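Participant: Please see the structure below; I have some questions.
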Amino acid sequence: MDMQQAIRAVTQRIDLSEQEMTAVMGLIMNGEATPAQMGGFLVGLAMKGETVDEVTAAARVMRDLATRVEVQAGHLVDTCGTGGDASGSFNISTASALVVAAAGGRVAKHGNRSVSSKSGSADVLEAAGVNLDLSPEQVARCIEQVGVGFLFAPKHHGAMKHAVGPRREMGVRTLFNVLGPLTNPAGAPNQVLGVFSNRWLEPLARVLGRLGSRHVMVVHAEDGLDEISIGAPTRVAELRDGEVTVRLIAPEDFGMERADLSRIRVEDAAGSLAMIRGVLDGQPGPARDIVLLNAGAALYVADVAGSHAEGIEMAREAINSGAAAEKLQQLVSFTASC
């Protein structure tokens, strides 16, 4: 299937097979599609609605082209979300990653600089003094020795350079907004994946199942947050051993009070880092609570904790003991030595 055939199909609302989507993504990622063809296809696909087959095929192509990080899969988890929730919140998943590592998990944290948010995971880690310019081998050693490593997306997904311009110029959400969290270069089999819309909950859980993931929670909160929220109930699609179940969870299920999201908003990476340091230092409040909710979920899917509630208690202990604050310093020190 060539690009013109693909554009005709999606604009007529015809779904592509996995084989057809694989061919089209190959053209895009190898730079053989023009910017106009890429834009036309991605917008047409979005208006039709991407299927599980199409997203699975696209993610496989990206995974095959990625520069891999070779680490053992045991208790390995990613806390990468789609972003795009426009909440202005601090970097919750980045803080969670540090707490998870301090509690005994192993985190391959996939992320990038900010596109639409006040601060991306790369921005806040750089502000903390973390060196992002690591080779895949150095990232692997970081995960093994520190318990958490940052997989800076541009270093691992070089083929994405062909899509950067058209994506920026279109200014609308497309397939690429959800592909990032599906293409962890370390192949983390466990994941807490926040999405910007309920529409993606079950489909992405099923896609990750097809891609070989073991235990995943795909989450979207009723207040719009692409995390497990402290401000509202959160809908969860949980993939475990090939089965997907959907449920609603709320802060009060775990003995926490709801809080307005305005209390966790920041203006920039420096503000996000200050809030993260406060959480890691044990300051009580909604920022700490939302990190506990999300870190607890990551410890649960990584099979470090037997339940979400147990994961929250393990995360709480990692903060109270000082291990979480120490973990950030260990990450800074290790990457500085590379």
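Backbone N, Cα and C atoms are what each Cβ position is placed from, and that goes for glycine too.
Among the features that Swiss-Prot reports, 5-phospho-alpha-D-ribose 1-diphosphate binding site is placed at Gly81, 84-85, Ser89, 91-94, 109-117, Ser121. The anthranilate 1 binding site feature in Swiss-Prot is assigned to Gly81, Asn112; the stated evidence is sequence analysis. Annotation source Swiss-Prot lists Mg(2+) 1 binding site at Ser93, Glu227, citing sequence analysis. What Swiss-Prot lists as anthranilate 2 binding site is Arg167, and the listing cites sequence analysis. The annotation Mg(2+) 2 binding site is assigned in Swiss-Prot to Asp226, Glu227 on the grounds of sequence analysis.
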Participant: Checking your reading of the structure: which of the binding-site residues Gly81, His110, Asn112, Arg167 lie inside a 10 Å Cα sphere centred on Asp226 (Mg(2+) 2 binding site)?
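Facilitator: Of Gly81, His110, Asn112, Arg167, within range: Gly81.
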Participant: Can you tell me the three-state DSSP label for Gly81 (5-phospho-alpha-D-ribose 1-diphosphate binding site)?
Facilitator: coil
Participant: How many Å separate the Cα atoms of Glu227 (Mg(2+) 1 binding site) and Arg113 (5-phospho-alpha-D-ribose 1-diphosphate binding site)?
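Facilitator: Pair distance, Cα basis, whole Å: 18 Å.
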Participant: Among the binding-site residues His110, Arg113, Arg167, point out the residue whose Cβ has the most other Cβ atoms within 10 Å, with all shown protein chains included in the count.
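Facilitator: Of His110, Arg113, Arg167, the one with the most crowded Cβ is His110.
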Participant: Which one of the binding-site residues (Ser93, Asn112) has its C-beta surrounded by the most other C-beta atoms within 10 angstroms?
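Facilitator: Per the Cβ count within 10 Å, the most buried is Ser93.
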Participant: Between the Cα atoms of Gly81 (5-phospho-alpha-D-ribose 1-diphosphate binding site) and the residue listed as 'anthranilate 2 binding site', what distance do you get, rounded to the nearest Å?
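Facilitator: Given the Cα positions, Gly81 (5-phospho-alpha-D-ribose 1-diphosphate binding site) is 18 Å from the residue listed as 'anthranilate 2 binding site'.
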Participant: Determine the Cβ neighbour count for Ser89 (5-phospho-alpha-D-ribose 1-diphosphate binding site): the number of other Cβ atoms within 10 Å of its Cβ.
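Facilitator: For Ser89 (5-phospho-alpha-D-ribose 1-diphosphate binding site), the 10 Å Cβ neighbour count is 26.
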Participant: Relative to the Cβ position of Asp226 (Mg(2+) 2 binding site), how many further Cβ atoms are located within 10 Å?
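Facilitator: A 10 Å sphere around the Cβ of Asp226 (Mg(2+) 2 binding site) contains 28 other Cβ atoms.
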